[in-house]
Amino acid sequence: MADYEGFYAYKPHKGAAIAFVVLFGILIPYALVQITMAIHRSRRCMYLCKCNELSEENSTVTYFSARNLMWTYFPFVLGIILQFVGYVLKIVFINRPEISTFIAQSVLLLIAPSLYALTIFMLFSKMARLLLMERHMIIPAKYSTVSFLVSDMIGRVLQAVGGGLLSSWNSRNTGRVLIIVGLFIQIFCYGVLMLNQLFLDYKMKRATSKILRDSDAWFQFNYILLSGIVLVNARTIVRVVQFLMGLKSYISQHEWCLYVFDTVPMFLLPLIFLVCFHARNLFKLQEKSVDIQLAKILTKESASEN
């Protein structure tokens, strides 16, 4: 019988790990198909050609290339893949407990949610730019992007290093401290992002922009992003509690806690995004924004000619 002492305070449930391997495994091709189709539709839209022509003479049209938006969704897909691989490694560990497998699956499952958050942040920043409402962000986009990326990267590196130190009993406490510090940095980042989203939502409801008046899709898209960051932050807080209280805590001694407060939210987040993706994605919202921006420019040009 496998010995899990020193790794878990319980016998890990193989069936649960298999179930989430299957679930995350289904999400990966679903996400790739959805995003690929959106990119294909975006590239076929003639408005991008019009934007390219206008942007040479007029810088007032705000838009992003299909390639740019594709890379925005890349961390999101990578996060799903890391979740999938993490639970595959957990099954391998259950069958044959080894320190290297334990560390690998622990680090992957710790880092994956931060990749979701990275995509959420980039989508939010691009949404604010397409709405021409960057000035209503608590922190200007050019500063918030750099600060979020640097802070999030520091948090991820600390967690990865801390996860590596868990392999030795002598450095285990140091590793635990590094993971906790990394998680606290991310909680702060996600909290600021949530405040930014709520503040922008407040301003959006009072704005007179034609882009906003034309559709409620922007508000719905922001709520999807907000629900995602709430799930990530709640999961991160649970992880902090787990590492602060150590192996003797209730959370660490009962596997269902980690599945309910970590795995399930991190599965629901991409599921919500992908279910809503067909109607609420930045590719479609950009098309609405650009159409209105172009109409406004053409109206001005016609008025000046007359």
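All positions are counted from 1 along the displayed chain.
For all residues, glycine too, the Cβ spot is worked out from N, Cα and C.
TrEMBL annotations: computationally assigned, not manually curated.
According to TrEMBL, the feature transmembrane segment maps to 15-33, 73-93, 99-124, 145-166, 178-200, 221-238, 258-279.
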Quick one: find which recorded stretch in 15-33, 73-93, 99-124, 145-166, 221-238 has the most Cβ pairs under 8 Å with the transmembrane segment (258-279). 221-238
Please indicate, using numbers and ranges, the residues of the same chain that are 6 or more beyond the transmembrane segment (99-124) and have a C-beta under 8 Å from a C-beta there. 7, 72-76, 78-80, 82-83, 85-87, 89-90, 92-93, 145, 148-149, 152, 155-156, 159-160, 163-164, 166-167, 179, 186, 189-190, 193, 196-197, 200, 222, 225, 228-229, 232, 235-236, 239, 262, 266, 269-270, 282
